[in-house]
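S.K.: Got a structure here, written out as structure tokens. Questions coming.
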Amino acid sequence: MFKVKFYIRHAVLLLCGSLIVGCSAIPSSGPSAKKIVSLGQQSEVQIPEVELIDVNHTVAQLLYKAQINQSFTQFGDGYASAGTLNIGDVLDIMIWEAPPAVLFGGGLSSMGSGSAHQTKLPEQLVTARGTVSVPFVGDISVVGKTPGQVQEIIKGRLKKMANQPQVMVRLVQNNAANVSVIRAGNSVRMPLTAAGERVLDAVAAVGGSTANVQDTNVQLTRGNVVRTVALEDLVANPRQNILLRRGDVVTMITNPYTFTSMGAVGRTQEIGFSARGLSLSEAIGRMGGLQDRRSDARGVFVFRYTPLVELPAERQDKWIAQGYGSEAEIPTVYRVNMADAHSLFSMQRFPVKNKDVLYVSNAPLAEVQKFLSFVFSPVTSGANSINNLTN
């Protein structure tokens with residue numbers, strides 16, 4: 001019996017010695033906090049591989065404000081279309097002349113209408129010079145004028161030639177003051193009228209969203225400025241439903257947002273969230289929180305590709321000096337120390353983005369426990385077997 005215990009003791013010592021040398025081979029759910037932090041500590045001579053940023057109130061507020069700026073209210077409410085004419089518009093012109101008709105007694109499309117003689121001119125396209133042509137009047141400049149103003153001009157010029165002329169000008173095809181509305185499977189050009197069309201009118205013009213409302217974003221492009229708002233926010237907040245302007249492009253984007261949770265969080269999973277967005281505190285709640293026995297509260301990380309222009313100014317200079325352009329996306333790791341109570345406030349302002357990876361590192365004590373379990377499980381099992389044989 002003494003020999004058996006002696007052999008077991010020596011087996012334990014030999015196994016411990018061999019496993020301590022190769023303890024890095026212990027299975028783990030991911031890198032430790034120390035290894036992740038070392039990613040941002042590259043030599044100054046080399047191009048840095050990762051931008052490591054500690055999340056504090058200032059960093060969280062900057063990211064929060066950048067998200068808030070994705071608002072249609074930044075464009076201003078604008079104004080309704082004045083209904084003025086422009087190049088490419090098509091006009092319908094009708095002329096009435098009291099009998100006896102002097103100018104429009106025949107020829108063009110004409111008919112009697114009571115005691116007046118009615119003449120319908122062929123549809124007139126506003127030329128590149130901004131004019132339309134009317135018989136006996138000649139070319140008339142119409143760009144920037146309303147149909148009512150144009151008909152008064154024609155009527156005034158015909159008075160000296162026709163018998164009590166009356167004129168009606170109608171816009172039949174608005175090719176200039178319109179908005180492009182783009183959606184998968186259905187895109188239209190929506191004309192703007194004096195009624196004042198808004199963003200939700202454009203959404204309705206293409207039949208709304210083909211997906212769930214919470215998975216749909218609405219993007220508005222005006223000139224060189226692009227803003228994106230969740231359809232949920234657009235419906236819930238009337239201030240976002242601004243008036244559209246000539247040349248605007250409204251695009252409906254259907255793309256379910258997700259982030260991936262990894263590390264000491266129970267199991268790796270992809271978690272969906274609304275296009276309205278998600279804060280880091282909400283994301284950790286959806287992950288089920290941190291595991292008390294495994295996770296390192298000081299090692300909560302968010303991995304994402306961040307546009308260079310969204311980094312703090314002093315950090316942008318470092319990357320620009322290494323040859324990165326303004327359009328580059330920088331691999332960035334945001335570190336959160338949840339052991340600090342202040343971080344709980346920062347996390348409520350820190351926005352999670354589509355395709356983010358949230359990683360929780362293992363606590364050092366959890367690694368020790370895993371190591372001890374890995375070492376002593378086979379020895380204990382072997383000892384039990386030997387004891388059974390001895391008995």
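Placed from the backbone N, Cα and C atoms, the Cβ positions cover glycine too.
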S.K.: Return whether the side of the membrane given for Gly78 in Swiss-Prot is the same as that given for Val225.
M.R.: yes
S.K.: Can you say which of 118-127, 238-247, 378-387 is given as transmembrane segment in Swiss-Prot?
M.R.: 118-127
S.K.: Using Swiss-Prot as the reference, determine which range in 99-108, 179-188, 269-278, 329-338 is annotated transmembrane segment.
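M.R.: It is 179-188 that Swiss-Prot annotates as transmembrane segment.
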S.K.: Suppose you had to name the range Swiss-Prot annotates as transmembrane segment; which of 136-145, 196-205, 366-375 would you pick?
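M.R.: Residues 136-145 are the ones Swiss-Prot records as transmembrane segment.
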S.K.: From the ranges 162-171, 252-261, 282-291, pick the one that Swiss-Prot records as transmembrane segment.
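M.R.: Matching range for transmembrane segment: 162-171.
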S.K.: If I go by Swiss-Prot, the feature transmembrane segment sits on one of 58-67, 298-307. Which?
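M.R.: Here Swiss-Prot associates transmembrane segment with the stretch 58-67.
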S.K.: So if I exclude everything within five residues of the ends of the transmembrane segment (179-188), which remaining residues of that chain have a CB under 8 angstroms from its CBs? That is, six or more out.
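M.R.: Non-local partners: 197, 202-203, 205-207, 209-210, 244-252, 254.
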S.K.: When the topological domain 'Periplasmic' (128-135) is classified with DSSP, how many of its residues are helical, how many are strand and how many are coil?
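M.R.: Taking each residue of the topological domain 'Periplasmic' (128-135) in turn, the totals are 0 helix, 4 strand, 4 coil.
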S.K.: Which bits of the chain, at least 6 residues beyond where the transmembrane segment (118-127) starts or stops, bring a Cβ under 8 A of a Cβ in it?
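M.R.: Answer is 85-97, 104, 108-112, 133-135, 142-143, 172-173, 176.
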S.K.: Can you name the far-off residues of the same chain, 6+ from the ends of the topological domain 'Periplasmic' (128-135), with a Cβ under 8 Å from a Cβ of it?
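M.R.: Counting only partners 6 or more residues beyond its ends, the topological domain 'Periplasmic' (128-135) has Cβ contacts under 8 Å with 86-87, 91, 93, 103, 108, 121, 141-144, 150, 154.
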